[in-house]
Structure formats: structure tokens, C-alpha cells
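Heads up: the structure comes next, in C-alpha cells.
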Amino acid sequence: MTAPDLAQRSRAAVWHPCTQMARLADVPPLPIARGEGPWLIDTDGRRYFDANSSWWVNLFGHSDRALHDAIKQQLDTLPHVMLAGCTHEPAVRLAERLSARTGGALGHVFFGSDGASAVEIALKQSFHSWKNLGQPEKREFVCLRHSYHGETLGALSVTDVQVFRDAYDPLLMRAHIVASPDGRLANEAEALAAMRRLLAERHAQIACVIVEPLIQGAAGMVMYSPEYLRGLREMTREFGVHLIADEIAVGCGRTGTFFAWEQVGTDWPDFILLSKGITGGTMALSLVLTTDDVFNAFWSDDVTRGFLHSHSYTGNPLACAAANAVLDRFDAGLLDNARAQASALARAFAPLAPRVAHLRQRGMILAFDVPNAPARFAETFHLKARAHELLIRPIGNTVYLMPPYLIDDATAAFLAQAVTATLNDVLA
Ligand SMILES: *Cc1c(COP(=O)(O)O)cnc(C)c1O
């Protein structure tokens with residue numbers, strides 16, 4: 001099967017995500033045959049460095065032996081069992097280990113299948129816990145300007161990215177959208193003041209505030225300070241509103257600590273959401289971690305006060321085994337090594353700073369903006385990068401990298417050279 005054949009069949013039979021299918025004639029999907037470390041290899045044997053970790057999931061590169069072995073072993077033992085009425089060791093161990101990473105502050109773990117379902121679960125748990133506590137009027141949600149929390153209807157209701165949201169706007173719940181912090185604008189204090197005004201006025205009706213800690217990913221890798229989150233935590237406590245930290249993108253060490261929230265301090269949010277990197281790009285899994293307070297609000301002899309929510313693959317053992325193998329890597333000191341990798345990236349990209357705007361980095365996420373970018377910049381950049389052995393998908397005029405934890409000076413230099421060459425092509 002040659003590459004053009006497969007791309008052609010894909011256009012006919014596969015409805016690709018986040019894609020205007022009519023554009024696929026000009027931008028044919030890359031037919032990927034296999035993966036090796038940071039490289040993806042197409043059906044013609046050409047290779048591409050997976051600079052965005054296949055939508056931020058692939059932590060250790062492709063075909064990681066330890067992850068594969070963990071899944072294979074689980075596959076031969078117990079590929080699946082329902083988590084209602086049954087339990088299993090991989091799920092229990094994973095829940096215990098994640099809760100231990102919060103010092104027990106978030107000691108109750110609910111399992112979902114993907115990021116959007118984790119968002120739905122947390123929104124429902126927040127509302128329902130207030131209801132069980134005799135405050136059913138707390139049913140409004142708050143999110144930040146340019147936030148992204150997924151694309152099912154509930155998650156989209158707390159998402160403020162126009163291209164995803166506008167078409168479905170008439171269907172969505174009316175969440176409050178509040179000014180967001182943006183390190184490029186140094187506006188954290190104003191953003192907090194706007195939040196305070198809303199919470200002061202509506203806290204009796206507000207169930208929760210949901211945020212992407214430290215980096216608003218889909219907004220274009222917008223980075224902001226931990227101080228904003230400290231202020232937000234204090235404020236949500238003051239007004240009796242839950243705080244949901246959506247770490248689906250920024251968790252699993254991406255910002256330099258396992259949870260981005262570790263950089264904020266020891267007063268944890270009421271919910272932390274994980275997905276994407278938690279299985280290292282092998283299995284679909286998401287997790288909602290929450291507190292004794294939220295959990296206890298559901299504790300009752302009355303069945304309907306319980307959280308009657310489920311997905312067929314909830315707590316799938318294969319996915320949990322993969323996640324446990326990911327945590328083994330962090331337990332073995334991966335993040336010490338990742339700091340050196342982040343420095344290698346910083347050194348390699350520093351020479352680009354004068355040509356671009358707001359070159360910024362937190363941990364293993366590096367981004368910059370391209371001023372006066374031509375029309376269809378992201379699509380053109382993605383396409384031209386292929387010729388430089390690079391798989392990358394800018395967001396608007398923001399080019400970013402979120403590579404697997406496989407960076408050394410040589411790979412960092414390769415990435416900087418490939419990005420610079422692509423930029424030269426696109427701006428030529
Ligand atoms: C990707 C993402 C989601 C949605 O996860 P899916 O698995 O794509 O549904 C939610 N929140 C954030 C911050 C994300 O980056």
C-alpha cells in the first residue's frame with residue numbers, strides 16, 4: 001500500500017478529527033506505518049519527529065518497551081472488567097499512587113475514558129455535591145477567556161475557543177467567561193480582580209471555577225504565573241466555590257513538576273483532572289481526583305445521592321497498567337532528567353528569539369508567536385515542516401513544541417534547525 005493510496009482511502013472512509021475534510025486534497029494525511037522513539041515512519045519509509053507528542057500524549061516516544069510490556073502482561077491476565085461491582089489491582093494501585101502524589105489531599109479517584117469525559121464528570125460532581133449539601137442553586141460554572149476543556153457539549157460549555165464553540169453555541173450551557181491571565185500582557189492582577197467581582201456577586205449560584213493551570217494550551221500555549229493560581233485558590237475558598245484544575249495537558253510532568261499545581265503550593269484544588277500523558281500515548285484513560293469533602297457529600301443510604309455515572313471502559317485494566325508503568329518512570333526520577341532536557345531545548349531555541357515574538361517555555365513546553373503571519377499559516381507550516389522531517393501543528397500563529405522526554409543536545413539542535421528552516425520556507 002503506497003502513501004497516496006492510503007491517504008486517498010482515508011479521505012473516503014475516515015472522517016478526520018478537527019479537520020475540514022475538503023482541505024485534505026491539499027493537505028493529505030500522513031500515512032504512518034510505525035513509530036520508533038520520537039520518530040514516526042510513513043508507509044514510504046520517510047521519518048518525522050513527533051514534536052507535539054501526537055496531541056500531547058506520547059511522553060516517552062513511540063514503541064516504549066516498558067509500557068508495551070506492562071500492557072502485554074495485563075492483556076494476558078485481565079484485559080477488562082467492569083468497575084461497578086468489581087475492582088482490580090491496577091485501578092486500586094493507580095488511584096492510591098496518584099492520591100499519594102497529592103499528599104492524600106485528593107484521595108478519591110473516578111475513572112473516565114478521555115479528557116472531555118473527565119471534565120463532564122468533575123462538573124457534574126461539583127454541582128451534585130452542592131445539591132446534596134442543600135445548595136441546589138449552586139449550578140453555574142465559570143471558565144477563563146480562551147479556555148479549552150474539550151468538545152462534548154458540557155466540556156464545550158466551559159470552552160472559549162471560537163473555532164470549536166461558535167457552531168454549537170445555541171446548544172451550550174451558559175457558563176461565565178472571565179478575563180484570563182496572560183504572561184505576555186502581565187495582566188494577572190487584573191484577571192484576578194475580574195474573577196473577584198464575579199465571585200462576590202454570584203458565589204451563591206456558582207458551583208465551580210475550572211482552569212488550565214499555568215498554561216492555556218489550545219489558546220496557543222498562553223503561560224501565566226503560579227501567583228494567579230494562588231490568588232484564585234484563596235478567592236474560591238473565601239467564596240465557597242470549587243476549583244477544578246484541568247491538568248489534562250499540563251499534568252504528567254510537562255511543566256517541570258508531576259502536577260503543575262505543585263508549583264502553586266500546598267493548598268490543593270478541589271479537583272484535578274488527568275488524561276493525555278497518563279498512559280504515555282498507549283491507551284485512552286482519564287482520571288478525576290477529588291477531596292474527602294466532595295466525596296463525603298455523596299455518602300448516603302439513598303442511592304440517588306450517589307454519583308450514578310459510568311462509561312463502559314471505566315478503569316480499564318490495560319489503561320491502568322499502562323498508567324502505572326508511566327508512574328514507575330516518574331518514581332524513578334524522570335523529572336530530574338527532564339529538567340536537563342528542558343534546558344537543552346531552551347539553549348537550542350534561544351537564537352530564534354530575535355526573529356519571533358514571545359519565545360516562552362515552561363518545562364517541556366516551548367512556544368513562540370509569529371508576527372504578521374501569512375494566511376493559513378498553521379496549515380502551511382505543518383505541510384512545509386514535513387520536508388524537514390518534522391511533524392508539528394501550530395495553533396493560529398503560535399508555533400509550539402511539546403516533545404517526548406527524549407531530548408538531548410543533538411535532538412534539540414535538530415528541532416531548532418527544522419523549525420527555523422520551516423519558518424524560512426513559510427515566510428519566504
Ligand atoms: C485535550 C484536552 C481536553 C480534552 O481531552 P480529550 O481527550 O481530547 O477529550 C480537556 N482539557 C484540556 C486542557 C486539554 O488539553
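Positions of Cβ are set from backbone N, Cα and C atoms, glycine also.
Around the Cβ of Ser310 (substrate binding site), the same chain contributes Leu83, Ala84, each under 8 angstroms and 6 or more positions distant in sequence. The substrate binding site feature in TrEMBL is assigned to Trp55, Tyr148, Lys276, Ser310, Arg393.
The annotation pyridoxal 5'-phosphate binding site is assigned in TrEMBL to Gly115, Ala116, Asp246, His311, Ser312. The number of other CB atoms found within 10 A of the CB of Asp246 (pyridoxal 5'-phosphate binding site), across every protein chain shown, is 31. Annotation note: Asp246 (pyridoxal 5'-phosphate binding site) sits in a strand segment as assigned by DSSP.
Shown in sequence order, Trp55, Trp56, Val57, Gly115, Ile248, Ala249, Gly251, Cys252 are the residues of the chain, 6+ apart in sequence, with a C-beta less than 8 angstroms from the C-beta of Lys276 (substrate binding site). Look at TrEMBL and you will find Lys276 tagged as N6-(pyridoxal phosphate)lysine.
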Whole-number Å value of the largest CA-CA distance among Trp55, Tyr148, Lys276, Ser310, Arg393, listed as substrate-binding: 33
Fewest-neighbour residue among binding-site residues, criterion Cβ within 10 Å, set Trp55, Tyr148: Trp55
Euclidean distance between Cα atoms of Arg393 (substrate binding site) and Ser312 (pyridoxal 5'-phosphate binding site), Å: 32
Contacting binding-site residues, sequence order - Gly115, Asp246, Ser310, Ser312 vs ligand 1, Cβ under 6 Å: Gly115, Asp246
Candidate with sparsest Cβ neighbourhood (10 Å radius) among Gly115, Ala116, His311, Ser312, Arg393, the listed binding-site residues: Ser312
Rounded distance in angstrom between the Cα atoms of Tyr148 (substrate binding site) and Ala116 (pyridoxal 5'-phosphate binding site): 10
